[in-house]
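S.K.: Let me begin by handing over the structure; questions about it come next.
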């Protein structure tokens, strides 16, 4: 008896659904960027071990020396150790900011899976090399500076690649909420990095870097084998990045409340038939700058990230000096700012999905953040309950717009309708936006260090001014969104909009 001929449709249909691939993409990119932040955190934990309070450890075992820094790690055993720690931080941040502007260009022209995995393996290498300085007994500053610069450069491979992968799989409709939840990898990585580095910081601080280096390398290898870059690679339909209307009389209309599911019917067939015919070229740097909104959101992120990173580097010290908590209590309290950031990112994504106004959502949160920063500086230390509440609120209002711009906004602009379906702009746009923001991340802690000797009030005035500037830079985009809402409401009521 001849065997039945299998149905060709059964042979060509993929076994896993597009929902499974979307979930896999979210998990793998979440783990990837968690490991990036996990590998960045040890330096802030190990600083206290490189120049500890030697008198608290007992008498000097070196009888031939009366040094009060006998337990410190040279070259960080001098009176200028704070400047040297600042040099380590700035070496990473400046290299990261510079490298980010060119990282996205390479990301558009190389397979994302190779680019991300290679960057993670190299990040693991340079993270481990910093810790190997302990086992190799290295005491020269240039070694640690060079490692930090190299690590800052290779870590720029992460953000453009993971945002591009998520943007390729998820359309505009629920992108803000999904990416708001997904963006919690930053705080998860910071927490895990603190715990892992803290496990070895007192016994062998080199392992505080080597172990995170092994973790990010392992995660990179996993991504290499399992990450799927594009839905088309596994015969899934691409998501709907923007709605194509029959009449394009009002290009500013709000249409982002449409679902992110795959294109259906003849539309999907047209895309699938058109794509193999001609592969679009990757967008240039100047071409990405001409996409409407890229410049505004990039400059806004510069000031928003300035505020966020100033809190990241200076909040524990502020709590110690103003509220007079111990170092451990101040560190525990400072994590509440990250908790607020997670909630703010989710809230910003949810509201922007519902309203279709990414810029308006950011602007409103930034407007409210300014007086809340003022209140936190003046009444936030009057009690533990008030301090906890104010830290969570400030974290949500400061990091909410920062999270929204670096995730959903970057993905929206990288798939803007002006690109006419060319998806090879996500990495470049993401790199431009986050690279500009990274300039603010480097400037914020530096300015705080220069201003703090004049008083903490002046530091907060600087943060409030940066917050207001971030809001003002989005004014044009907010007006555009408002006009789009007015046009949409007019059409709903049957009026003709000219």
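Including glycine, each Cβ sits where the backbone N, Cα and C put it.
Automatic prediction, not curation, is the source of TrEMBL annotations.
Here TrEMBL flags 25-483 as domain 'Major facilitator superfamily (MFS) profile'. TrEMBL lists 84-107, 114-136, 142-170, 182-201, 207-228, 294-315, 359-378, 384-405, 425-447, 459-479 with the feature transmembrane segment. Sequence annotations record features per position, and here TrEMBL assigns region 'Disordered' to 246-274. Here TrEMBL flags 254-270 as compositional bias 'Polar residues'.
Could you tell me the structural context for the features on the list?
M.R.: Within the chain carrying the transmembrane segment (84-107), a Cβ under 8 angstroms from the stretch's Cβ atoms is held by residues 40, 43, 47, 50-51, 75-76, 78, 115, 141, 144-145, 148-157, 159-161, 164, 282, 285, 288, 313, 427-432, 434-435, 438-439, 441-442, 445-446, 449, all 6 or more beyond its ends.
Tertiary proximity for the transmembrane segment (207-228) is limited to same-chain residues at least six positions away from its ends with a CB under 8 Å from its CB atoms, namely 21, 24-25, 28-29, 31-32, 35-36, 38-39, 41-42, 45-46, 112-114, 116-121, 123-132, 165, 193, 196-201, 234.
Only residues 6 or more beyond the boundaries of the transmembrane segment (294-315), in the same chain, are considered here, and those with a CB under 8 A from a CB of the stretch are 44, 89, 288, 334, 337, 341, 359, 362, 366, 369, 373, 394-395, 398-399, 401-402, 405-406, 409-410, 413, 429, 432-434, 436-445, 447-449, 452, 459, 463, 466-467, 469-471, 473-474, 476-477.
Counting same-chain residues at least six beyond the ends of the transmembrane segment (359-378), those with a Cβ under 8 angstroms from any Cβ of the stretch are 293, 296-297, 300, 304, 307, 344, 348, 351-352, 390-391, 393-394, 396-398, 400-401, 404-405, 409, 456-457, 460, 463-464, 467-468, 470-471, 474-475, 477-478, 480-482.
Beyond the ends of the transmembrane segment (425-447), by six or more residues, the same chain brings 86, 89-90, 93-94, 96-105, 107-108, 112, 156, 159-161, 163-164, 167-168, 282-285, 287-289, 291, 294, 297-299, 301-310, 312-314, 402, 405-406, 409-411, 413-416, 419, 462, 466 to within a C-beta distance below 8 angstroms of the stretch.
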